[in-house]
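Report on one structure; see the data block that follows.
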Amino acid sequence: MPVSDNHDTIFAPATAAGRAGVAVIRVSGPDARHCIECLAGSCPAPRYMSLRRLKFASDSDETIDQALVVFFEARSSYTGESMAEFHVHGGRATLARVLEALSGIPGLRMAAPGEFTRRALINGKLDLTQAEGLADLIDAETESQRRQALALTEGRFSSQIASWRGRLIDGLALIEAAIEFGDEVDISDEDLAAVRSNISEIGRELKLILEASAFSKKVREGFEVALVGPPNVGKSSLINMLAEKESAIVSPIAGTTRDVLRIPVDINGLYVTFLDMAGLRDTSDEIEKIGVERALLSAEAADIRILMSSADTRAEADLVKCRDNDIRVWAKCDNGVGPGDINLSTVTGDGVAQLLDMIFTTLSRRAAGSGYAAHKRQLDGLRNAVDELEAALNTNDEEVCAAHAKYAIRALEGIVDPVGAEDVLDEVFARFCIGK
Ligand SMILES: Nc1nc2c(ncn2[C@@H]2O[C@H](COP(=O)(O)OP(=O)(O)O)[C@@H](O)[C@H]2O)c(=O)[nH]1
Ligand SMILES: [Mg+2]
């Protein structure tokens with residue numbers, strides 16, 4: 001997409017396509033007021049909603065709809081440009097006709113995906129981490145995703161970066177003064193030592209965010225919980241119960257499940273994907289063998305494994321090694337209880353709530369200190385800054401130290417404002433939908 005040309009006026013539906021009570025169409029650019037005048041006759045006072053009869057064009061007798069119309073002046077709009085909003089009835093035909101009317105106005109064009117937000121960014125209404133947060137907010141399906149995205153959108157990460165940047169600039173000023181005017185101004189060794197310890201403290205804080213980011217990333221993308229056990233232990237029955245539908249084939253024939261099946265479940269606001277897979281056993285069936293290999297790989301990569309056993313199945317010992325976060329489940333406890341963290345039955349429903357609770361507790365324990373930086377781009381920037389800060393501390397040469405501190409500052413700045421990096425912006429805004 002080309003850099004937004006602020007002489008263009010763009011429009012797009014802001015609400016999802018399909019049948020709905022109301023559909024909102026947004027317009028941004030210098031002709032926003034003119035659009036309202038063309039379709040609604042006159043422009044209402046800024047930020048006041050007004051009920052208007054929309055005409056197909058200023059000289060047309062055709063009424064398209066009764067709609068609420070709002071005008072925003074450039075300084076107080078989402079994009080930082082003049083904006084108009086038409087809240088029309090949400091039928092496909094109405095929406096299509098209003099869009100047709102708008103495209104008939106000279107100088108107007110349909111917006112590209114994310115173009116409204118891209119204009120907001122160019123006009124300084126938000127920075128790139130906030131824009132990334134907005135895209136996440138629109139995609140958020142669970143509570144934890146929503147909270148994390150909102151923190152990013154509200155600029156929590158940006159202000160954190162601004163504070164690191166400010167502290168580094170203060171330190172850098174002192175080092176540079178020592179280099180330039182060491183003979184004239186009185187900068188003690190203690191002052192320089194304090195700058196170094198400040199740099200090291202900032203490096204530590206950055207690393208904490210990076211450590212927490214593994215969790216933030218999982219909140220954004222989802223955790224994986226693998227159901228592991230011998231054939232017929234009841235893995236597919238359990239996943240169907242969790243999914244509240246028949247997703248996996250359940251049968252008394254061992255070796256039925258072969259592909260890895262992924263079922264998303266919302267556990268108290270955490271986005272968790274359960275993996276059902278082939279039962280682990282030695283088998284001579286070539287296809288089942290591939291299923292078992294895939295199962296072992298998926299189990300290895302999962303955040304938590306539910307290791308299942310039951311009275312009527314024989315575990316093939318040592319196929320998976322037990323890990324810290326594994327949960328051991330004794331299945332089919334309606335036939336009698338057994339060893340394990342939880343006794344569970346998909347027939348009576350016993351133990352299922354307890355299992356979900358345990359998964360939630362285990363995952364939220366890892367949430368301690370979780371942050372909001374979850375995008376690869378943001379994390380790469382933090383890593384670069386950490387490397388530069390470490391290099392700054394690893395030298396006794398003040399000039400080299402100052403140079404690395406400067407690179408660290410630049411790496412941090414690049415996270416919120418990648419100046420001139422159009423490809424980075426293209427990538428971020430490609431994730432947006434049209435109309436945002
Ligand atoms: N009694 C009892 N039978 C179960 C339970 N869960 C599953 N089964 C039965 O065990 C057999 C294997 O179940 P399935 O879910 O396909 O096991 P998988 O091979 O581990 O996926 C089926 O006949 C199920 O009806 C349970 O909790 N109690
Ligand atoms: Mg199965």
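Keep in mind that glycine also has a Cβ here, set from the backbone N, Cα and C atoms.
Keep in mind that this is a model prediction, so the values were computed, not measured.
Copied over from TrEMBL:
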type    : residues                                                                                               : note
BINDING : Arg26, Glu85, Lys125, Lys436                                                                           : (6S)-5-formyl-5,6,7,8-tetrahydrofolate binding site
DOMAIN  : 222-364                                                                                                : domain 'TrmE-type G'
BINDING : Asn232, Val233, Gly234, Lys235, Ser236, Ser237, Ser251, Pro252, Ile253, Ala254, Gly255, Thr256, Thr257 : GTP binding site
BINDING : Asn232, Ser251, Ile253, Thr256                                                                         : K(+) binding site
BINDING : Ser236, Thr257                                                                                         : Mg(2+) binding site
COILED  : 372-399                                                                                                : coiled coil
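Cα of Ile253 (GTP binding site) to Cα of Arg26 ((6S)-5-formyl-5,6,7,8-tetrahydrofolate binding site): a span of 57 Å. In this model, the coiled coil (372-399) carries an average pLDDT of 93. Taking Lys125 ((6S)-5-formyl-5,6,7,8-tetrahydrofolate binding site) as the reference point, none of the binding-site residues Asn232, Gly234, Ser236, Ser251, Thr256, Thr257 has a C-alpha atom within 10 Å of its C-alpha. Among the binding-site residues Lys125, Asn232, Ser236, Thr257, the ones whose Cβ sits under 6 Å from an atom of ligand 1 are, in sequence order, Asn232, Ser236, Thr257.
The CA atom of Gly234 (GTP binding site) is located 52 Å away from the CA atom of Arg26 ((6S)-5-formyl-5,6,7,8-tetrahydrofolate binding site). Glu85 ((6S)-5-formyl-5,6,7,8-tetrahydrofolate binding site) and Ser236 (GTP binding site) have their C-alpha atoms 49 Å apart, to the nearest angstrom. Checked against ligand 2, the binding-site residues Lys125, Gly234, Ser236, Gly255, Thr256, Thr257 give Ser236, Thr256, Thr257 as the ones with a Cβ under 6 Å from it, listed in sequence order.
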